[in-house]
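Participant: Please see the structure below; I have some questions.
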Amino acid sequence: MGKEEEIARIARRLDKMVTRKNAEGAMDLLRELKNMPITLHLLQSTRVGMSVNALRKQSSDEELIALAKSLIKSWKKLLDVSDGKSRNQGRGTPLPTSSSKDASRTTDLSCKKPDPPRTPSTPRITTFPQVPITCDAVRNKCREMLTLALQTDHDHVAVGVNCEHLSSQIEECIFLDVGNTDMKYKNRVRSRISNLKDAKNPGLRRNVLCGAITPQQIAVMTSEEMASDELKEIRKAMTKEAIREHQMARTGGTQTDLFTCNKCRKKNCTYTQVQTRSSDEPMTTYVVCNECGNRWKFC
């Protein structure tokens, strides 16, 4: 079994432990990883960093948490080194001055260096277009805050993404869509930051880091689109409940003077009883005031 397959196997076992909430044997797997020479290529292709990070968040074992943090910290250095090389290459790229053969060869080599694919699963690292540099203080500050949001919980280490570059992409897309740095622009950036940092919605941040959601998409998504699956389900249930209440109030019912409207204080009401939960629980009573149209319910 090759090194990549072995690391991928460990990652799968860690994922199962997280799913089952049973970390028995996790320390042995983490020690195996500690003794393995991990490269940035292996980190990106196996996504083992995300598995270790998920285990760290779930565990209450201090020794396990410490070892997981140590691994993530050591892997982060690989990403920092890679980012440093990329920045140095960007600074060292010669400006076009002459048509000499040596300069042409140097340019050709610098263009060819990024070509070898790091992994098929992470093309975004090499295919993102270059972002224009801005001297606008507001835009630069927004890029910094977006970078910090993307770095929440260190998921970027596991994926192997340059957060500074990605945040610049997102900010550039927002700026191009809005056209200036007015309040609309600031509110747009602020909502991206809030949702990317949301501890209850880590899926959004991971999808952005992995490229499943592109910078162009996250730049224009609505709050509803960025919401977590759990919040979407709650909103869906509330919408269904509101529709049902409205329909119940309009489909007949029994007229009574037993209820007093808390809005107009009249007793001219119509009520409907519906079994909305299990059969052994009380029915839900929907009441509508025939005088002012006020609606309420109780169990």
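Glycine too: its Cβ is placed from the backbone N, Cα and C atoms.
As the structure is a computational prediction, the values presented were derived from the model and not from experiment.
So Swiss-Prot lists these for the protein:
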BINDING   Cys261, Cys264, Cys289, Cys292  Zn(2+) binding site
COMPBIAS  87-101  compositional bias 'Polar residues'
COMPBIAS  102-116  compositional bias 'Basic and acidic residues'
CROSSLNK  Lys57  ubiquitin cross-link
DOMAIN    5-82  domain 'TFIIS N-terminal'
DOMAIN    138-254  domain 'TFIIS central'
MOD_RES   Ser59  phosphoserine
MOD_RES   Ser100  phosphoserine
REGION    82-127  region 'Disordered'
ZN_FING   257-297  zinc finger
Participant: List the residues of the same chain that sit at least 6 positions away from Cys261 (Zn(2+) binding site) in sequence and have their Cβ under 8 Å from its Cβ, in sequence order, or write 'none'.
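Facilitator: The answer is Lys267, Cys269, Cys289, Glu291, Cys292, Asn294.
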Participant: Between Cys264 (Zn(2+) binding site) and Lys57 (ubiquitin cross-link), how far is it from one CA atom to the other, in Å?
Facilitator: 53
Participant: Enumerate same-chain residues with a sequence separation of six or more from Lys57 (ubiquitin cross-link) and a Cβ-Cβ distance below 8 A; give 'none' if the list is empty.
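Facilitator: Same-chain residues close to Lys57 (ubiquitin cross-link) (Cβ under 8 Å, separated by 6 or more) are Asp153.
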Participant: Would you mind pulling the DSSP three-state label for Cys289 (Zn(2+) binding site)?
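Facilitator: Reduced to three states, the DSSP call for Cys289 (Zn(2+) binding site) is strand.
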Participant: Starting from each candidate's C-beta and looking 10 angstroms out, tell me which of the binding-site residues Cys264, Cys289, Cys292 has the most other C-beta atoms.
Facilitator: Cys289
Participant: If I take every residue in the domain 'TFIIS N-terminal' (5-82) and average their pLDDT values, what number comes out?
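Facilitator: Mean pLDDT for the domain 'TFIIS N-terminal' (5-82): 84.
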Participant: Could you say whether, by DSSP, Ser59 (phosphoserine) belongs to a helix, a strand or a coil region?
Facilitator: coil
